[in-house]
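Structure first, commentary second.
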Amino acid sequence: MIEAKDRGNLLRPEYRETLQELINYLQKNVTITYHGAEWSYRELCQPYCELSTPLLVFLKIYDVDNPATYTYPNLDVFGTQAFIGNNVYNLKLSDDGQLESFSTAILPFYMVSHHEDEKVIYNWLIEAKKTFELPEFSKLFECEITGDLLISAEVRRMGLETAPLIIGSVAAMIAFVVASSFRRDPSRSKPWESLCGCLIPLLSLLAAAGIMCFLGMKFQSIMVASLFLVLSIGVDDVFIILRAWDRAPPTDPVAERMAFTLEEAGASILISAITNIMAFVIGMTSSTPAVKAFSLFSAVSITVCFFYILIMFTALLALSGRREKAGLQSIFCCFKANPQAHSSLVEKVVTLQTAAIRWWAKACQTWTTRAVLLLIMLVYYYFSIYGIQRVETLISLEKMTLPDSYVQKFQKHFEDSMRSMQPISVFIKNPGDLRDPERMATIKKIVGEYETAEFSYGPNSTFFWIRQYEEFLEYYVDSDDEEIEKPKFTYTEIPAFFKSATYFYLETFVKYNETACDEDRPECISQFFFLTNFAGVIKYHELIPAVQAWRSIAAKYAEFEVYPFSDHSPFVDQTMLIDSTVWSSVGASLFCTAIACVIFIPSLFCIVCACCSVFSITIGIVGFLALWGIQLDPLSMAALLMAIGFSVDYTAHMCFHYYKAKPRNRVDKVEEALSTIGWPLMQVGLSTLVALAPLVFKQSYLAVVFLKTITVVVILGISYALI
């Protein structure tokens, strides 16, 4: 994309001539060396080398005194129509449709290479960027170049620059977990065990990364979120196991204490692992590659982490039990502990916690409390539903890159320019015998329908090679003899047509067999495509009606294997699928929650409570995130999948321990459940926020989405579980 620095008209003589020089320089002078070979644009562009030819012709023949040289969007060049609508933007037209000025030029450089050699194209693009810094061009123009490979590099950069924040997460997590491990009796504190518990999730991440590499999976920037996610999940299990260990009778042998601990905590951490893994298995069914990769990596990491915690951390805890039996200190493990020592601060916290649990266990049974909670829930549902009604599906490239990326500025400007004219390629993959008048008429009808479809620019924006070929055939007929019929379609002149000086550029649109053409057989043309243009829409959600109209036309002519394609089509498909994917994921997660609860909590009341809570939390997550400015896109969808899995943890833990509570009285059951799992759940929520807190220092959309999502799910999850 090229603009004058002063945002003025590019048809000014100096600018017009320099623009020609820049195009020629890019096509001929930009070269790179790759694997010992020299590559230029001409070695990479076949068969799309001539796409900028109409613009070059226009710049060369432009004459302000000759209106025929600046018609729009087509120029008549020696009897041939040259289309410049896909090259000139931000233009000004006269009352009679003549092009008076344009301030933006967009040059399509289509390049082709084998998949294993795509680095060639990337290197060429980087070298082309350097051209814009040359004095002869930079003094007049502001230029930017983009492409799939450059954007992919920017997306990867977001992930690579966010990943090092895991160091801050580990440090913050270690500080929080170690601080939480101190007990009233200092000898029963677990600082070293907690430290190791924070490092075990990192080992599981390394193992999962190795598995993914072995399977040949490519790194996706969204996978960075899994680093923080698995770290928090692993530490959650550490809190639950430590709480169960503390409840085990300290006088029992280590083996019996460990058996009690696993009996108390095993089902809880297994429910947590299963529900999280199920949520990500559901995400693996997504049609979005990034979400699929994120879900697969997360599921593998959580699975590995579960087994590592179960094997490694319990082994460390057994060693800690032996230390306690030997009466050794928790920090300086070689020295004897003072049996009379105690922590007054921890004692006060425990006393306050016990009093709060007893008060709430009684208060939550009163009708006054229930009435207040009902009022709060009504307000909660009102804002949640209001937020859901405001949910928008909005995919954009800017979200996938860092704030300092060139994409942030370029993409908006590019879209604003392109809104006035964008191409759509329509492939006819089974044209059949074009000598058949009926079949030819149908193909022309297909072209006509695309030219008049919703948002289409019209027939004067169409590149359809058959129209030019028919003009070419007419040259074989004496134009003065009106009695001679118009020549019929024949394949024999196809090679001569594409080799002619006038129509050579149309060869790009056709796949043909020269031998079959010479023999006038239908196999001459096996496939072809034509270009037409549309205008007025550019955002992916705006394009949905247009894409649906194009596909509707293609479906009417299935025999011809019509395939409409735009660069936007894959993103439009994702936009259309995200809504249904999110809600189907919610339904699937509820089903998985019910299955997990049936296995571990054989109580209909607890199962219904858990499922209703998960559904209610999910509604709140979607609604409040929408009110917080988060739109539906692949990143937020991945975050929602994670949030659904997290929401199950809180309610499932509480329901399980309520079910296991021995007292028959409801007040006592609530008190025992809160005493058993209440404080670990608080630690789980706080540790999750601590793990993601370093993302605040990297204000990428990826970081913001996951940070906001985790904040909402932790607040709602703790509220539902404890209140």
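We count from 1, first residue shown onward.
Every residue gets a Cβ built from N, Cα and C, even glycine.
TrEMBL does not curate its annotations; it predicts them automatically.
The shown structure was predicted, so the numbers you read here are calculated from the model rather than taken from an experiment.
What TrEMBL says about this protein:
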type     : residues : note
DOMAIN   : 162-319  : domain 'SSD'
TRANSMEM : 163-182  : transmembrane segment
TRANSMEM : 194-217  : transmembrane segment
TRANSMEM : 223-245  : transmembrane segment
TRANSMEM : 265-284  : transmembrane segment
TRANSMEM : 296-319  : transmembrane segment
TRANSMEM : 367-388  : transmembrane segment
TRANSMEM : 582-601  : transmembrane segment
TRANSMEM : 608-630  : transmembrane segment
TRANSMEM : 636-656  : transmembrane segment
TRANSMEM : 677-697  : transmembrane segment
TRANSMEM : 703-722  : transmembrane segment
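The list of residues near the transmembrane segment (265-284) in space but at least 6 beyond its ends in sequence, with Cβ under 8 angstroms from a Cβ of it, reads 233, 236-237, 240-241, 243-244, 291-292, 294-296, 298-299, 302-303, 305-306, 309-310, 585, 588-589, 592-593, 596-597, 600, 637-638, 641-642, 644-646, 648-649, 652-653, 656-657, 677.
Long-range contacts of the transmembrane segment (677-697) within the same chain, counting only residues at least 6 positions beyond its ends with a Cβ under 8 Å from a Cβ of the stretch, are 162, 165-166, 168-169, 172-173, 176-177, 180, 228, 231-232, 235-236, 239-240, 242-243, 268, 353, 357, 646, 649-650, 653-654, 657, 703-704, 706-707, 710-711, 714-715, 717-718, 721-722. Contact between the transmembrane segment (636-656) and the transmembrane segment (163-182) is not supported, since fewer than 3 Cβ pairs fall under 8 Å when only residues 6 or more apart in sequence are counted. Between the transmembrane segment (367-388) and the stretches 163-182, 223-245, 582-601, 608-630, Cβ pairs under 8 Å are most numerous for 608-630. Through the fold, the transmembrane segment (163-182) approaches residues 189-191, 193-195, 197-199, 202, 224, 227-228, 231-232, 235, 238-239, 242, 343, 346, 683, 686-687, 690-695, 697-698, 703 of its own chain, all at least 6 residues removed from its boundaries and within a Cβ separation under 8 Å.
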